[in-house]
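For reference, the structure is listed below as structure tokens.
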Amino acid sequence: MSGEEEVDYTTLPLEERLTYKLWKARLEAYKELNQLFRNSVGDISRDDNIQIYWRDPTLFAQYITDSNVVAQEQAIVALNSLIDAFASSSLKNAHNITLISTWTPLLVEKGLTSSRATTKTQSMSCILSLCGLDTSITQSVELVIPFFEKKLPKLIAAAANCVYELMAAFGLTNVNVQTFLPELLKHVPQLAGHGDRNVRSQTMNLIVEIYKVTGNNSDLLEEILFKKLKPIQVKDLHKLFAKVGDEPSSSKMLFEWEKRELEKKRSQEEEARKRKSILSNDEGEYQIDKDGDTLMGMETDMPPSKQQSGVQIDTFSMLPEETILDKLPKDFQERITSSKWKDRVEALEEFWDSVLSQTKKLKSTSQNYSNLLGIYGHIIQKDANIQAVALAAQSVELICDKLKTPGFSKDYVSLVFTPLLDRTKEKKPSVIEAIRKALLTICKYYDPLASSGRNEDMLKDILEHMKHKTPQIRMECTQLFNASMKEEKDGYSTLQRYLKDEVVPIVIQIVNDTQPAIRTIGFESFAILIKIFGMNTFVKTLEHLDNLKRKKIEETVKTLPNFSIASGSTHSTIETNKQTGPMENKFLLKKSSVLPSKRVASSPLRNDNKSKVNPIGSVASASKPSMVAANNKSRVLLTSKSLATPKNVVANSTDKNEKLIEEYKYRLQKLQNDEMIWTKERQSLLEKMNNTENYKIEMIKENEMLREQLKEAQSKLNEKNIQLRSKEIDVNKLSDRVLSLENELRNMEIELDRNKKRNDTNLQSMGTISSYSIPSSTVSSNYGVKSLSSALPFKEEEDVRRKEDVNYERRSSESIGDLPHRVNSLNIRPYRKNGTGVSSVSDDLDIDFNDSFASEESYKRAAAVTSTLKARIEKMKAKSRREGTTRT
């Protein structure tokens with residue numbers, strides 16, 4: 001064995017053993033660290049040897065990724081002990097964020113995927129403890145989500161299980177669900193369709209946990225997730241949801257900041273309990289809150305509010321915005337205004353089927369729907385085709401519901417609300433149902449009875465149509481009015497202002513209508529008013545109705561639920577008075593004044609001369625100490641609001657003071673309402689200004705971008721024009737060249753024809769001369785191509801022939817431009833030699849033209865030259881065409 005292997009690693013210091021090459025040495029070092037952390041829980045702030053592992057997360061980042069699985073397991077156990085030791089004293093700061101971002105991904109990748117059960121359990125415990133140092137699970141989940149894109153199924157399943165455990169342990173406390181859930185659910189369909197069964201199983205568990213922590217909100221999952229899953233998976237999820245029940249998920253763990261707040265709250269409550277227990281004779285029997293109210297057996301150590309109910313999520317705000325104005329069908333404007341009803345209906349159906357029905361949320365910013373809603377309003381009000389009216393009403397309802405407020409502005413309401421009221425005259429069920437839904441949807445977002453009074457114009461339109469001459473319109477508008485009163489949750493101050501002069505007279509007309517169906521709706525309307533304002537308000541009005549109608553109204557009143565303003569308790573009446581106008585205050589004060597008077601009159605000690613009223617309002621007698629003790633005991637059972645001094649109330653209960661108080665309350669309430677209205681208007685104006693400025697900036701940027709694009713397009717166009725001109729010049733040159741070549745060819749052909757004719761003429765003339773003896777001066781040695789002098793001597797004639805042959809050979813290699821000259825220079829010289837080898841003139845004169853050998857040879861030679869010329873001309877043409885094609 002070598003010297004290095006014989007070293008006893010147990011003698012090495014801890015720092016060296018933590019990085020020693022033998023895994024057993026590292027294992028023992030990790031165990032020693034774990035024991036050190038456990039023994040130093042109460043004194044970790046003073047021990048620098050422990051602080052270094054907390055301050056430098058890279059140390060344990062190396063330990064928990066140990067190559068040996070046994071040593072790695074012990075390193076993760078030591079890390080868990082380290083986190084437990086520092087968790088209680090660790091405050092929320094950037095260092096905690098560094099620890100989480102450094103250790104969590106390593107624990108997921110190396111710990112949760114381990115084959116050892118203890119390693120996986122301890123890794124999950126470390127991840128949860130690290131998340132407890134944060135304020136929410138957002139960062140931890142964001143660190144785990146990238147593992148969903150990995151290829152290893154074991155790692156993907158571990159990541160899905162990690163997110164599930166985080167949500168089950170901490171819930172959605174301090175989580176911005178509007179951004180958190182869409183980012184998480186974006187990866188779920190891919191995981192649900194994974195090829196590995198374990199991944200799919202963990203994904204289903206994660207979906208069920210999301211359902212639980214969102215307060216059993218299945219609508220959220222249906223809108224965002226279910227359409228991306230397989231039908232069988234959706235069916236299985238519904239079965240799992242049914243097993244969960246109606247109880248929302250409760251968190252198992254608390255963040256460290258929650259633990260500190262809960263401990264602080266408990267200590268404060270304990271101090272308050274000790275400080276205020278002296279108010280009771282039986283010390284410690286009752287608990288009193290900070291307002292002095294008695295706590296009747298309430299638990300002070302209640303869990304956080306997050307464990308009491310699920311998170312309320314606005315599903316609509318999480319949906320992606322879509323645009324529809326850029327998806328209008330082709331020629332929509334022309335087709336929708338066509339005189340043919342089929343064209344109008346087809347345009348509406350095409351837009352509804354392809355765009356509107358598929359839309360989940362409409363974009364409101366930088367989109368103007370006035371033109372589209374104006375078209376729908378015109379169709380609803382004027383179109384004779386009820387199918388087009390129904391489609392337009394459905395479209396209006398969907399646009400209103402997908403824009404909501406403030407996207408569906410009051411300007412849009414004015415375009416469609418009155419046309420819808422006018423068209424309630426339709427009796428076909430499908431049409432009138434579409435109109436009803438559209439009206440109810442608009443009133444859902446713009447309540448005609450809102451206490452702010454901004455929608456009083458809508459209330460006036462409804463009341464005006466309740467007096468319409470058409471019975472169907474009266475009935476439908478009365479039903480809409482009843483629905484608005486039933487759904488009102490903001491008080492009835494607006495209805496109170498219109499009650500005496502407009503609402504009651506119109507309702508009386510409806511009650512006295514000639515048609516039974518309309519009267520029944522009128523009875524319901526009157527009954528709702530009685531439920532809201534009380535029977536005493538309408539005593540005189542009911543006297544003008546016959547007994548049968550009064551009976552019908554009373555029966556209807558019994559079937560209706562109670563409304564907030566009609567509540568009989570003094571507390572609810574006082575709370576309602578804070579939100580109502582002066583007329584409501586008078587009415588409610590008159591009703592609520594009965595209760596105190598009865599309590600005073602029913603007291604058995606009222607007529608006792610020895611009795612007296614104590615400052616807290618309870619009646620006591622000096623001769624009955626037991627009664628005094630009972631009253632002293634009952635003091636703590638009264639709330640602080642009931643401890644007002646009745647002497648002041650009785651002394652200031654004159655009619656004059658009541659009127660002044662009511663007047664002051666009315667003025668104060670009016671000023672408060674005006675202030676609220678002005679504040680809202682100011683905010684809306686500021687928002688509009690900001691939106692206008694933003695829109696202006698966007699338009700300026702877009703304008704600059706378009707200008708740059710225009711400049712680029714112009715420069716490209718100029719370049720293309722220059723290239724086009726150059727191409728045109730090249731084409732013109734090539735065309736001219738082709739024309740010149742064609743002319744040359746044509747001239748050559750003409751010259752060849754001439755030469756041929758000349759040869760034929762010479763042959764004929766020589767045939768005539770053959771029978772005669774011709775003088776040498778008149779004999780031509782050329783057969784039609786070129787004439788020679790008859791007086792040439794033999795030597796000169798031979799020299800001329802030699803020169804002409806040389807010239808012919810030289811010219812045969814010249815360019816095609818010399819073709820006419822070369823054709824003219826062609827010579828045919830047939831001659832015969834005598835015995836001495838010299839041709840004489842007499843021999844030429846004695847030519848036997850019956851022997852056609854010489855003429856045939858000359859003709860063949862001319863034909864060969866002609867064919868050669870034609871072949872060269874064709875090659876020249878082909879070459880010119882190729883050059884023209886290449887240039888183009």
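Just so it is clear, glycine is given a Cβ too, placed from its N, Cα and C backbone atoms.
Candidates S267, S280, S813 were compared with Swiss-Prot; the annotation phosphoserine appears at S813.
Of the listed segments 281-305, 756-780, 781-805, Swiss-Prot assigns region 'Disordered' to 756-780.
If you compare S251, S277, S715 in Swiss-Prot, the phosphoserine annotation sits on S277. DSSP labels the residues of the repeat 'HEAT 5' (503-541) in these numbers: 34 helix, 0 strand, 5 coil.
S277 (phosphoserine) falls within a helical segment according to DSSP.
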